[in-house]
Amino acid sequence: MPQTRLTDRFGRTVNYVRLSVTDRCDFRCVYCMAEDMTFLPRQQVLTLEEIARLARNFVALGTEKIRLTGGEPLVRRDILELVREVGTYGLRDFAMTTNGSQLPTMAESLRKAGLQRLNISLDSLDADKFRAITRTGNLSQVLDGIDAARDAGFRGIKLNTVVMKGRNDEEIPELIEFARQKQVDISFIEEMPLGEISEHDRGLALCTSEEVRDIIRRHHELIPATEDSGGPARYFRMPDSEVRVGFISPHSHNFCSTCNRVRVTVEGRLLLCLGNEHSVDLRRVLRGHPVTDDKLQEAIIKAMDLKPERHHFSSNGDVQILRFMNTTGG
């Protein structure tokens, strides 16, 4: 792995890239997108070859960790071909975030293709609540997907739960017990103010990480984990389990000072910060210079100067970023 060349003006090293492969999804989660979402025209979406080229050049610039995101990555046709290709790039960490719906049939193939870790969204263990949050999701299918991932030999499996008051906050103890039973880590996430939603008031629904910890501590002691997560989560352990409990707290405890990541949307926009609109059009560079990579790497390096010191999310429920999470890359 080469010495990184991606450093922003605040001295932060950027070695983690989240690549969105689609804005489409078979769910319509209330915190992620509108129910009648209009998806991008095909011609605006990067080809899998373009995504692989981006990944290859980020690795050439020192990237050690790549996560494939969406939308739902597993609804992208021929996604296994991309996984096989990126899996040959010598990454320290190669992961995917998924809603789990396609894992019953795809988990084993993903593991054999070289994917190392999976983050699986699980916002409820109640079938009716799960359907209400996802609008279209089938809980049993996702639970089967979690089992399929374990059976396929994935050792780095983590559950992600977006906690919302009045929707799923009372399920926190049950979700902890489920993670302990399955021997997988779980992270609780404060809802992020991306895109205008109508299902609930984000300010009223916000459940802070400290509130979640207070609920868990009624049942389990939480001991801060010593290892570096390499991401935004702050991890804790329980004395009687190897399972880690993580907290991603963009509102109550932002992780900006140690931010080591950027995102590329499926349109090829390089986003320097989840909570800012600063971006660089890498699709134009990819298609304008299809043969050589010099201009592409130059654009990526130069873009680091645009990375802001921090985001400015507020907890009042207002929309701070107009783009939805599915177009950002979850």
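Placed from the backbone N, Cα and C atoms, the Cβ positions cover glycine too.
Cross-referencing LYS158, LYS165, LYS182 with the GTP binding residues that Swiss-Prot gives (ARG18, ARG67, THR97, ARG261, VAL262, ARG263) picks out LYS158. Annotated pair GLY71 (S-adenosyl-L-methionine binding site) and CYS25 ([4Fe-4S] cluster 1 binding site), C-alpha to C-alpha distance, rounded: 5 Å. The predicted model assigns the domain 'Radical SAM core' (9-225) a mean pLDDT of 94. Looking only at the binding-site residues CYS25, SER121, CYS256, CYS273, the one with its C-alpha closest to ARG263 (GTP binding site) is CYS273.
Candidates TYR31, CYS256, CYS273 (binding-site residues) were compared with VAL262 (GTP binding site); those inside 10 Å Cα-Cα are CYS273. Looking at CYS25, CYS29, CYS256, CYS273, the binding-site residues in this record, the fewest other C-beta atoms within 10 angstroms of the C-beta turn up around CYS256.
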